[in-house]
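> Look at Swiss-Prot and you will find 1-40 tagged as transit peptide. Here Swiss-Prot flags PRO142, TYR143, GLY144, SER165, ALA166, PHE167 as S-adenosyl-L-methionine 1 binding site. Taken from Swiss-Prot, the feature S-adenosyl-L-methionine 2 binding site applies to ASN172, LEU173. Summarising the annotation, Swiss-Prot assigns S-adenosyl-L-methionine 4 binding site to LYS181 and lists experimental evidence as the type of evidence. Annotation comment: Swiss-Prot describes LYS181, ASN187 as S-adenosyl-L-methionine 3 binding site. For LYS203, the entry in Swiss-Prot reads N6-(pyridoxal phosphate)lysine. Under the heading pyridoxal 5'-phosphate binding site, Swiss-Prot lists GLY335, ASN336, LEU337, GLY338, ASN339, THR472.
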Amino acid sequence: MASSCLFNASVSSLNPKQDPIRRHRSTSLLRHRPVVISCTADGNNIKAPIETAVKPPHRTEDNIRDEARRNRSNAVNPFSAKYVPFNAAPGSTESYSLDEIVYRSRSGGLLDVEHDMEALKRFDGAYWRDLFDSRVGKSTWPYGSGVWSKKEWVLPEIDDDDIVSAFEGNSNLFWAERFGKQFLGMNDLWVKHCGISHTGSFKDLGMTVLVSQVNRLRKMKRPVVGVGCASTGDTSAALSAYCASAGIPSIVFLPANKISMAQLVQPIANGAFVLSIDTDFDGCMKLIREITAELPIYLANSLNSLRLEGQKTAAIEILQQFDWQVPDWVIVPGGNLGNIYAFYKGFKMCQELGLVDRIPRMVCAQAANANPLYLHYKSGWKDFKPMTASTTFASAIQIGDPVSIDRAVYALKKCNGIVEEATEEELMDAMAQADSTGMFICPHTGVALTALFKLRNQGVIAPTDRTVVVSTAHGLKFTQSKIDYHSNAIPDMACRFSNPPVDVKADFGAVMDVLKSYLGSNTLTS
């Protein structure tokens, strides 16, 4: 049996408490870590260990890569993955090695990364839970990464030496206690801060996978001279950083005057070749696809399904942070729409492999100025119509013709999902409200929070539902929008929750008068 590969005392999990913090705390802190012994594909023990609880002492001349090489197992890897057409018809035999440079199926459709689920199923859910838990908080290469700690489910065949990682992932799952209670009447609201990452957005999760595979392809002498992407900001930041780390040239197509300066400076600082093009994201996307068809530049946009393999680990991580309890709702901002499918894929793999018994309902939240999925949903999933996106403060999702529309629709149908939208005023107000309770979120998270407000008001999400809002980028990338909001400088917007600074003379009496007015006349009485 596969479970014979896991040596671990049988300890029952503590019963969940009503207090969200107690429910959230991992019981793994109260038990011994497992010792994982390497197994053949049929579950029989073999001599060489994959991981052991006790490792040889660290040699001072080793870095973590050297140490990983020295401790490398000679065990046969039973896991594999390949490209297949997305949502292929039953009986389809079309497939491609991950070492091939291919982005579309023969019919022109999207590709997906398909894992050998039968090989993965030879090990039960308890095995995978304990293996993933045993890697948390470690510096062992490459498992200290929140992505590569799930390597067997991501790129199982890549050599550790080819991996390009900043130990991304492992991002904070924040209990939004005050915000939930004050504004929504909720006691179990969480924000998954994927923007607390190497380059400040969730795109790092996918880019570590894609650039690692490119690193492998280049070592195999495949024709890849660089990696290119079209971007609304965050993709280019992640691509340029990971390529710089590996010494791989990066080429970035950006829509002129449509991203924040904080986003623009990241690829420039990391040495990318940046083209500022007089078009929108959809125009940049069209150009990069045409260019990569003619030049040996590897395409890094989410048309490439490798990125979704890294992004799906955020879903697995949420379950792990809840000690493998499933939340009721997960709300994800959507632009190019790969991320909503990635989250679905992560949750679904956990269900299929026995780590959990169900998946959450998901919500995709769009800006009203760039809402083709929302309109498609409201039409009853009738014929999808691309649109020309208007300017939105949520610039990273200002996309009118999303590449992953089919993936998003598939995921939402499978999880009984919902699509909501947010106007500019709604998303900025939601961002300000969240910030006033101790967060510092991006406008895209404001879109997701607006969706939550609407679904709470409609009674769709109950006050006791455990709900996770996915925050996709760091608020520090979008400070100008916050400055404009709190300065009441946005035309035709009331900025109801603005908090502008108060000008006051450098005089003791003047300062005292202002403070008494703010705090109440009796507060400062001696």
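Each residue, glycine too, has its Cβ placed from N, Cα and C.
Help me see these features in their spatial surroundings.
With a 10 A radius on its CB, TYR143 (S-adenosyl-L-methionine 1 binding site) counts 23 other CB atoms from all the protein chains.
A 10 Å cutoff on Cβ-Cβ distances gives ASN172 (S-adenosyl-L-methionine 2 binding site) a total of 14 other Cβ atoms nearby, all chains included.
Counting Cβ atoms from all protein chains shown, LYS181 (S-adenosyl-L-methionine 4 binding site) has 14 others lying within 10 Å of its own Cβ.
DSSP assigns ASN187 (S-adenosyl-L-methionine 3 binding site) to coil in the three-state reduction, placing it in neither a helix nor a strand.
Neighbours of LYS203 (N6-(pyridoxal phosphate)lysine), defined as other CB atoms within 10 A of its CB across all chains, total 35. LYS203 (N6-(pyridoxal phosphate)lysine) carries a helical DSSP state (H, G or I).
The Cβ of GLY335 (pyridoxal 5'-phosphate binding site) has THR232, GLN366, ALA370, ALA394, ALA396, ILE397, GLN398, ILE399, PRO402, HIS444 as same-chain neighbours under 8 Å, each 6 or more residues away in sequence.
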> Can you figure out which of PRO142, GLY144, SER165, LEU337, THR472 (the binding-site residues) comes closest in space to ASN172 (S-adenosyl-L-methionine 2 binding site), comparing Cα atoms?
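Comparing Cα positions, the closest of these binding-site residues turns out to be THR472.
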> Taking the centroid of the Cβ atoms of PRO142, TYR143, GLY144, SER165, ALA166, PHE167 (S-adenosyl-L-methionine 1 site), which other same-chain residues have Cβ within 8 Å of it?
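Going along the sequence, the neighbours appear as TRP141, SER145, VAL147, TRP148, SER149, ILE163, GLU168.
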> From the Cα of PHE167 (S-adenosyl-L-methionine 1 binding site) across to the Cα of THR472 (pyridoxal 5'-phosphate binding site), what is the distance in angstrom?
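About 17 Å separate the Cα atoms of these two residues.
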> Once near-sequence residues are set aside, which residues in the chain of PHE167 (S-adenosyl-L-methionine 1 binding site), 6 or more away, have Cβ atoms under 8 Å from its Cβ?
SER139, GLY144, SER145, GLY146
> Starting from each candidate's C-beta and looking 10 angstroms out, tell me which of the binding-site residues ALA166, LEU173, LEU337 has the most other C-beta atoms.
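Per the Cβ count, the most surrounded site is LEU337.
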> Which whole number of Å gives the largest C-alpha distance between any two of PRO142, TYR143, GLY144, SER165, ALA166, PHE167, the residues noted as binding S-adenosyl-L-methionine 1?
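Looking at PRO142, TYR143, GLY144, SER165, ALA166, PHE167 as a set, their Cα atoms extend up to 11 Å apart.
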